[in-house]
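Taken verbatim from TrEMBL:
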type: BINDING; residues: A:75, A:110; note: Fe cation binding site
type: BINDING; residues: A:81, A:84, A:118, A:121; note: Zn(2+) binding site
DNA sequence: ATACTTGCAAAAGTTTTGCAGGTTA
DNA sequence: TAACCTGCAAAACTTTTGCAAGTAT
């Protein structure tokens with residue numbers, strides 16, 4: 001049976017308060033406001049644990065390692081701003097996606113990344 | 001003005017002979033058949049150069065670093081087999097993709113990754 | 001009391017950089 | 001010969017692991 005530590009609680013709170021997926025470094029930064037002694041190894045260990053237990057979803061971002069978000073979100077994809085680098089969640093999914101797989105290939109998942117400028121950085 | 005070295009030529013040949021995008025380690029492995037003394041630093045330096053000059057396209061694969069392919073290919077996406085991990089090129093693109101961006105966001109590119117089992121690994 | 005967790009520091013994996021020597025034009 | 005490149009080894013990063021000490025139940 002797992003113990004509910006301050007550290008683990010702080011991580012989950014951060015993820016729920018965030019506007020989008022966070023990197024381990026961002027999670028460390030924000031969580032230290034609640035648990036100043038927190039170390040990066042603990043962040044990685046807990047993220048792994050929380051992903052295994054199904055509370056957190058891992059998002060592997062091309063060229064930028066893994067980001068994390070609460071697992072209880074509906075199916076969605078992401079937009080990354082080329083200027084501020086922030087990741088935004090995009091609800092929905094193009095309908096034709098499942099017909100792209102070639103003959104004989106069995107499709108069981110997909111990931112879409114949109115790139116451009118967010119509304120803040122467009123101005 | 002750049003010099004045409006054996007090393008650089010070997011890299012480009014490998015990429016053209018490959019059935020899909022290659023990782024730096026794979027490129028090193030295959031290129032050493034042509035230039036046995038080749039070092040990994042040279043692979044990284046030349047890939048960077050070839051990308052900058054527009055001869056090679058970098059594909060940042062979620063969770064697996066960068067892969068490389070010749071830049072003269074038509075717009076396409078990729079399928080990764082969960083079993084053998086190989087990357088396959090997928091021609092085409094779902095039509096609804098451009099309408100996913102939220103109001104006020106300027107979209108200038110996108111990347112799609114399909115996951116599942118390739119025809120070899122389905123059997 | 002026992003099982004689980006933490007922070008630190010060391011280790012491991014990947015990509016980049018400094019440099020002396022070698023290659024290309 | 002002058003500019004450019006290479007291989008090696010060291011450096012920089014990011015992520016993982018071992019361990020002694022601390023915390024939750």
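Here the Cβ of each residue, glycine as well, is placed from N, Cα and C on the backbone.
In this structure, the C-alpha atom of residue A:118 (Zn(2+) binding site) lies 21 angstrom from that of residue A:75 (Fe cation binding site).
Other C-beta atoms found within 10 angstroms of the C-beta of residue A:110 (Fe cation binding site) number 20, with every protein chain shown included. In the three-state DSSP reading, residue A:75 (Fe cation binding site) counts as coil. Per Cα geometry, A:81 is the residue among the binding-site residues A:81, A:84, A:121 nearest to residue A:75 (Fe cation binding site).
Residue A:121 (Zn(2+) binding site) carries a helical DSSP state (H, G or I). Report note: the Zn(2+) site is defined by A:81, A:84, A:118, A:121, and the residues of the same chain whose CB lies within 8 Å of the CB centroid of those residues, excluding them, are A:82, A:83, A:85, A:86, A:117, A:119, A:120, A:122.
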